[in-house]
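Annotation comment: TrEMBL describes 92-221 as region 'Disordered'. The compositional bias 'Basic and acidic residues' feature in TrEMBL is assigned to 99-108, 212-221. According to TrEMBL, the feature compositional bias 'Polar residues' maps to 123-137, 145-170. Annotation source TrEMBL lists domain 'AAA+ ATPase' at 275-418. The ATP binding site annotation in TrEMBL covers Gly283, Pro284, Pro285, Gly286, Thr287, Gly288, Lys289, Thr290.
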Amino acid sequence: MITLSELFENIKEARELALLGNYESSLTYYSGALAQMRKIASASKDSQRKQQWQVVRQEISDEFEVVKEVNQTLSSFKNFKDNSYSSDVFTARVNSRTPMEEPTRDPDVWPPPPPLDRRPGGSVQSHVPSAPVNTAYTPPVCRSPANQPNISAASGIKSTGVSQGSTSSRRNVREPQCKGSAAARGKSIAQSSGRRVKSGVSQAGDAPVGSEETKFDPSGYDKDLVEMLERDIVQRNPNVRWDDIAELDDAKRLLKEAVVLPMVLPNFFKGIRRPWKGVLMVGPPGTGKTLLAKAVATECGTTFFNVSSSSLTSKWRGESEKMVRLLFDMARFYAPSTIFIDEIDSLCSRRGAESEHEASRRVKSELLVQMDGITGASEQQEDATKTVMVLAATNFPWDIDDALRRRLEKRVYIPLPSVTGRRALLDISLREVPLADDVNLDTVAASLDGYSGADITNVCRDASMMSMRRAIEGLSVEEIKSLNTATLNQPTTMADFQEAIGRVCKSVSAADVERYEKWMNEFGST
């Protein structure tokens, strides 16, 4: 008599042997289990029970076929030397390979240049020996079909000049296959050496390629790191204008002076008048620091990098410093650029603390080195339209390292809004909200003393939803769905604002404001 416990034990043993790699013994247990299940199914008189056993048997049979296939594959590997048919087929395939298949080459790697004749006379001849040309190599395909490589320039070049011809020969041999990558590499090399190459014309003197967007050349860096930082470039328009920000005239003026004016007046911003290389926005939470950064990304027309501490940290040793250097290299390539680092105190806090880790200290050092060499004399960068500015924001300016504070040349205070600013912020927040006749926004602005910009926005949002709350009170979900928009969108009254102010408290205390003002009196630079 076959028991279910024996059947379960056989299936369990078969699966364990398959996991351990003993496929032949596993197949034996699977065969026994299938035979037992067939007997149990045939002995069952209940049709529904028999159908269930058939389903289970089919699942076990599928497992049996998988293990059997794996075992056959391993057996074919062991008997590969004795299998004359397989070796003959392999030899036939090798001998019948077409020239286009030989050799297999990585399309991202350039082919080696032909060797040059070097004579002992001191001058290098430009003649390239007639080596067999690899016609099987397929160059990387460019994005634009119009920019096809000129391969004929790489084979057999003769020139009248000796040294000049040699240089021309080597340049043509090593010419990249995509003009877009040539422009990118040319720009990267030119910026690293202090020279510039016109982006409208390729180095070989071919057709202009100014219409094609140049990409950063990731040579020497991990491609994943480059792609990750390119995702931090704000390509979509944040759609925040200067007019969308109430008050903060000093901060707007400073940001325009640091970002916009150097591109408008490049001849003026030279020497001692060079553009500011670092701006630090200091203030309580919710006062509009990040909103100002969004306005910079929208209005200024520069390449905007929005990075945080998570973008520049890695668990691998040395990767974080490399990412910081890569960030600034990309910013110089896409210059004029703006690097916005929100909550910079989490990335570059004061050095020398007991809780500071070695990796964190290396990241801070690399950040300080890169910031100090952006537009200084070491870079020999005199073009005001190719500058890189670091825009930082923090709620804890007293935790920032002293060296970083020195590099952030302008330190502007973003205070709580005044009565005029609160009134303007109410107008901006309530542009699309219908108001009742009894609403006096001047009175509302006066009652919001000590509230930050985010707090005032929350008050306006809460007050604008009061009419909807009154309309749906006591109704079911089906009844709420049947309501029309006019019933929900009733004008907001003065009582709604008073109730919202009672619900939303201010998030910044007077002691915090006093601490910010004390720090600005000591370290401010507006």
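Glycine too: its Cβ is placed from the backbone N, Cα and C atoms.
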For this session: Could you give me the DSSP helix, strand and coil counts for the domain 'AAA+ ATPase' (275-418)?
Result: 60 helix, 29 strand, 55 coil
For this session: State the mean pLDDT for the domain 'AAA+ ATPase' (275-418).
Result: 80
Exercise. When you tally the Cβ atoms that lie within 10 Å of each candidate's Cβ, which of the binding-site residues (Gly283, Pro284, Pro285, Gly286) has the highest tally?
Worked result: Gly283
Problem set entry | Densest Cβ neighbourhood among Thr287, Thr290 (binding-site residues), 10 Å radius | Thr287
Seminar exercise, completed: In chain order, residues whose C-beta lies under 8 angstroms from the C-beta of Lys289 (ATP binding site), counting only those at least six residues away in the same chain, are Met281, Gly283, Asp342, Ala393, Ile414
